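A short write-up of the structure that comes next.
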Amino acid sequence: MVIIWWFWSLLAICASDSFRDQAVAIMRTTPVIDGHNDLPWQLLNLFNNQLLRPDADLNKLAQTHTNIPKLKAGFVGGQFWSAYMPCDTQNKDAVKRILEQMDVIHRMCQLYPETFMCVTNSSDILQAFRRGKVASLIGVEGGHLIDSSLGVLRTLYHLGMRYLTLTHNCNTPWADNWLVDRGDDEAESHGLSPFGKRLLNEMNRLGVMIDLSHVSVATMKDALQISRAPVIFSHSSAYSLCPHRRNVPDDVLQLVKNTSSLVMVNFFSNFVSCSDSATLPQVADHLDHIKKVAGAGAVGLGGDYDGVTMLPVGLEDVSKYPDLIAELLRRNWTETEVRGLLADNLIRVFSEVELVSNNMQSPEEVPITLKELDGSCRTYYGYSQAHSIHLQTGALVASLASLLFRLHLL
């Protein structure tokens, strides 16, 4: 009896190794493109973006989910690095701070040219693959970071931004965030405001992917209806398996299918199992569910490494992707489906976004209205209403001064 148990255990181990070997073989030619990694945020918190410090060496950095050896072990060939600053920068120094975070991503590429290749288009991702480098792209996480400015949007595009997450954990003057659905924030735009819709049109024209992670369901539906190009969820999971408001409900997944869009599954335990603990097979369940509802072309990976504190057992850092792929092969995912998940689906969406951009010419020029803006530190140059108010206030002050002068003479 013991011999039989040993024999079957040995067969199981061999089968497991076989699936992992198959995963590695696939990933050697189609490496992972992950949709969301917060290493730049960790570089700010740990080193104040001083990359030349000896303890900031990405070949040796031990306290993060991400470093160069782990990326190589995980067969990561493309990464959207998150340029992120929290919502408390809104109406303050958001634009300055996001420029600094984009700068640190560019400096990563300059400091480690043998590992990272900063790219800005879909064809260059494939070129980076061929050179054995990590194609490094910039995703700006939070619409508050453009300060409701079409000009800032365009400038960040020219500096390398290739997706914009419309909100983080706060509303912008033009889009509602996911906390509205939980009842923690009030709906202000009830999805997208008229300016928000114009801003999405400008994103389409530029070739900036629209990222709907962190937004309210109403914002999701507005964007999926309005966008001329497919959209992405850079780091979200399936609401049906874990009813957290950061996840994507099935009716939205159907819209994702109808628009050839993409959901890149988040590994944060609270979004996977709705608890502090989760497992690798539970992440595979989310991938299975999205594939079932939206199709194999609609699923990708957006682990949220270095942006979360709790990760599933078996997916503790970026080196673990082959184990997840082995689990999917064990579940009878085809090689074509696996390659789609790893990279091909994202490259398709990115290419379609670029194609839409090539067919759009005229930029959006009408700015957000003055009454939609907030913040006591603002100036209002260019707004005729503000100019009118300024003239009226100036005339009132002059009249009062004249009256006081006459009273003084009396």
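Cβ atoms here come from the backbone N, Cα and C positions, even for glycine.
The signal peptide annotation in Swiss-Prot covers 1-16.
For His36, Asp38, Glu141, the entry in Swiss-Prot reads Zn(2+) 1 binding site, with the evidence type sequence analysis. According to DSSP, His36 (Zn(2+) 1 binding site) sits within a strand segment.
Cys87 (disulfide bond) falls within a helical segment according to DSSP. Taken from Swiss-Prot, the feature disulfide bond applies to Cys87-Cys170 (among others).
According to Swiss-Prot, the feature N-linked glycosylation site maps to Asn121 (among others), an assignment based on sequence analysis. Of all the Cβ atoms in the protein chains shown, 14 others lie within 10 Å of the Cβ of Asn121 (N-linked glycosylation site).
In this structure, His214 (Zn(2+) 2 binding site) belongs to neither helix nor strand by DSSP; it is coil. Per Swiss-Prot, Zn(2+) 2 binding site is recorded for Glu141, His214, His235, and the stated evidence type is sequence analysis.
A 10 Å cutoff on Cβ-Cβ distances gives Arg246 (substrate binding site) a total of 23 other Cβ atoms nearby, all chains included. Swiss-Prot lists His168, Arg246, Asp304 with the feature substrate binding site, giving sequence analysis as the kind of evidence.
Residues or ranges marked as disulfide bond in Swiss-Prot: Cys242-Cys274 (among others). Within 10 Å of the Cβ of Cys274 (disulfide bond) there are 13 other Cβ atoms, across all protein chains.
The N-linked glycosylation site feature in Swiss-Prot is assigned to Asn258 (among others). Of all Cβ atoms in the protein chains displayed, 10 besides its own lie within 10 Å of the Cβ of Asn258 (N-linked glycosylation site).
In the structure as shown, the Cβ atom of Asn332 (N-linked glycosylation site) sits within 10 Å of 7 other Cβ atoms. Summarising the annotation, Swiss-Prot assigns N-linked glycosylation site to Asn332 (among others) and lists similarity to another entry as the type of evidence.
The GPI-anchor amidated serine annotation in Swiss-Prot covers Ser384 and is backed by similarity to another entry. The Cβ neighbour count for Ser384 (GPI-anchor amidated serine), using a 10 Å radius over every protein chain in view, is 9.
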Setting His168, Arg246, Asp304 aside, what same-chain residues sit with their Cβ within 8 Å of the center of the Cβ atoms that define the substrate site, listed in sequence order? Glu141, Asn169, Ser213, His214, His235, Ser236, Asn266, Phe268, Gly307
Which of the recorded positions Asn121, His214, Arg246, Asn332 has its Cα nearest to the Cα of Asp38 (Zn(2+) 1 binding site)? His214
Among the substrate-binding set His168, Arg246, Asp304, as the record gives it, the longest Cα-Cα distance in Å: 14
Going by C-alpha positions, which of the binding-site residues (His36, His235, Arg246, Asp304) is nearest Cys170 (disulfide bond)? Arg246
Using a 10 Å cut-off between Cα atoms, which of these recorded positions sit near Cys87 (disulfide bond): His36, His235, Asn258, Asp304, Asn332? none
